[in-house]
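Written out below as structure tokens is the structure these notes cover.
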Amino acid sequence: MDVTRLLLATLLVFLCFFTVYSHLPPEEKLRDDRSLRSNSSVNLLDFPSVSIVALNKKSKQISRKEAEKKRSSKKEASMKKVAQPRTPLSAPCVATRYSCKPPAPACCDPCASCQCRFFRSACSCRVLRLNC
């Protein structure tokens, strides 16, 4: 009984090893230098050369200034987006969290939208954007 269990355990270990080894991509399989040299399909001359350029202090300062300008312009753009005028409210409208099935009028809150679920059987006005 112990011999059969030992054989089954050995077989299981070999199957696990074979499964893992067979699923490795070709790049990860172990190879020696001879096979890499002879079977290499990728030629190192095909890749473009890399040139390293040292930056001087002026170029670093210019890039910092440009980065600061971009940051300030992004902040100004975000401030402009916040100050959008709100649309005037229409008289017949649906309050937030109430039913707004398609024959009903639009939601009262300009930041809210009508959200339907269960094949448009349950619809309600919900605020989806917090910073509207």
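Using N, Cα and C of the backbone, Cβ positions are placed for all residues, glycine too.
Summarising the annotation, Swiss-Prot assigns compositional bias 'Basic and acidic residues' to 63-79.
All protein chains included, Cys108 (disulfide bond) registers 17 other Cβ atoms within 10 Å of its own Cβ. Annotation source Swiss-Prot lists disulfide bond at Cys93-Cys108 (among others).
If you look up Swiss-Prot, you'll see Cys100-Cys114 (among others) marked as disulfide bond. Secondary structure at Cys100 (disulfide bond), taken from DSSP and collapsed to helix, strand or coil, is coil. The 10 Å shell around the Cβ of Cys100 (disulfide bond) contains 24 further Cβ atoms across the protein chains shown.
Annotation source Swiss-Prot lists disulfide bond at Cys107-Cys125 (among others). According to DSSP, Cys107 (disulfide bond) is assigned to a strand segment.
The feature disulfide bond is assigned by Swiss-Prot to Cys111-Cys132 (among others). According to DSSP, Cys132 (disulfide bond) sits in a coil region rather than a helix or strand. When Cβ atoms from all protein chains are considered, those within 10 Å of Cys132 (disulfide bond) total 12, not counting its own.
Under the heading disulfide bond, Swiss-Prot lists Cys116-Cys123 (among others). Around Cys123 (disulfide bond), the same-chain residues at least 6 positions away in sequence with a Cβ under 8 Å from its Cβ are Ser99, Cys100, Lys101, Pro102, Ala104, Cys114, Gln115, Cys116, Arg117.
Under the heading domain 'Agouti', Swiss-Prot lists 93-132.
Summarising the annotation, Swiss-Prot assigns N-linked glycosylation site to Asn39 and lists sequence analysis as the type of evidence.
If you look up Swiss-Prot, you'll see 62-88 marked as region 'Disordered'.
Positions annotated as signal peptide by Swiss-Prot: 1-22.
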Residues that sit under 8 angstroms from Cys93 (disulfide bond) by C-beta distance, when 6+ apart in the chain: Pro105, Ala106, Cys107, Cys108
Counts by DSSP class (helix H/G/I, strand E/B, coil) across the compositional bias 'Basic and acidic residues' (63-79): 17 helix, 0 strand, 0 coil
Three-state secondary structure, Cys125 (disulfide bond) (per DSSP): strand
Which of Cys107, Cys114, Cys116, Cys125, all disulfide-bonded residues, has a Cβ with the fewest other Cβ atoms inside 10 Å: Cys116
Pairwise Cα distance for Cys111 (disulfide bond)/Cys125 (disulfide bond) [Å, integer]: 10
